[in-house]
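J.: First the structure, which I've put down as structure tokens, then a few questions once you've had a look.
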Amino acid sequence: MSRAPFIVPALKKHTATVIMAHGLGDSGAGWVSLAHNWRRRGLFEEVTFIFPNAPMIPITVNFGMSMPGWYDITKLGRDLDFQEAVKNQDEAGILKSRDYFNSLIKEQMDQGIKPSRIVLGGFSQGGAMSLFSGITGQEKLGGVFGLSCYMLLSDRIKNYIPENFPNKKTPFFLAHGTEDDIVPHEFGKRSAEMAKELGLEDVTFNSYKYLSHSADPVEIEDLEKFLDRVIPAENGGSL
């Protein structure tokens, strides 16, 4: 069972929500500084930031030992082929985490936040889950972002897309470092191409030279611009 998410509440009237999911072995606390940095700069003051915590589950690449994860991973690394990575993915774990992400979205909707004012995103595993959840989701979101991530269940994701494809026109922002030795840059690039092939009409893929499996200031600045575009301030001034 997951621990409760870390929440950074809006400073002004709450009009939008960003859900940011961490990567394998991390926790929501690992990304809270992102929201605090924006707070210090007077940005996104209408936004509540939610940083969920993955449950402790056995992870195959961790010799079967438990660690925080949104789903099990059997293989990892620069030498992994994209098609090979698709095989033996933890479909049950992925769907379970998608249901959890959907419950977080519903909680925000129950609080009066329109789905068009909700952004779902994450880093690595969290980004992969956000990409999958956004593509297969029942609600039209304001935006979806994934940093250093890849497309999950790419050989069968079509089976999970609702017939009316709510997020067909939703903006998607994908970003990846060229020197990523955990999730190869090619995975991110291929995933962006696949997203377009699935019918997504607003997909941005940014590459960052010399960046490994992490985030950097330029990438975060681009994410900042993306958020400002998809959930602009409603009450005047900066979000």
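Note that Cβ sites are derived from N, Cα and C of the backbone, with glycine treated the same way.
What Swiss-Prot records for Ser124, Asp180, His213 is active site, charge relay system, and it gives similarity to another entry as the kind of evidence.
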J.: Counting every protein chain present, what is the number of Cβ atoms, excluding its own, within 10 Å of the Cβ of Ser124 (active site, charge relay system)?
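T.: Taking every protein chain into account, the count is 25.
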J.: Between His213 (active site, charge relay system) and Asp180 (active site, charge relay system), how far is it from one CA atom to the other, in Å?
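T.: Distance (Cα to Cα, whole Å): 5 Å.
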J.: Expressed to the nearest Å, what is the distance separating Asp180 (active site, charge relay system) and Ser124 (active site, charge relay system) at their Cα atoms?
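T.: Here the two Cα atoms lie 11 Å apart.
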J.: Quick one: give me the count of other CB atoms within 10 A of the CB of His213 (active site, charge relay system).
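T.: Cβ-Cβ neighbours of His213 (active site, charge relay system) within 10 Å number 18.
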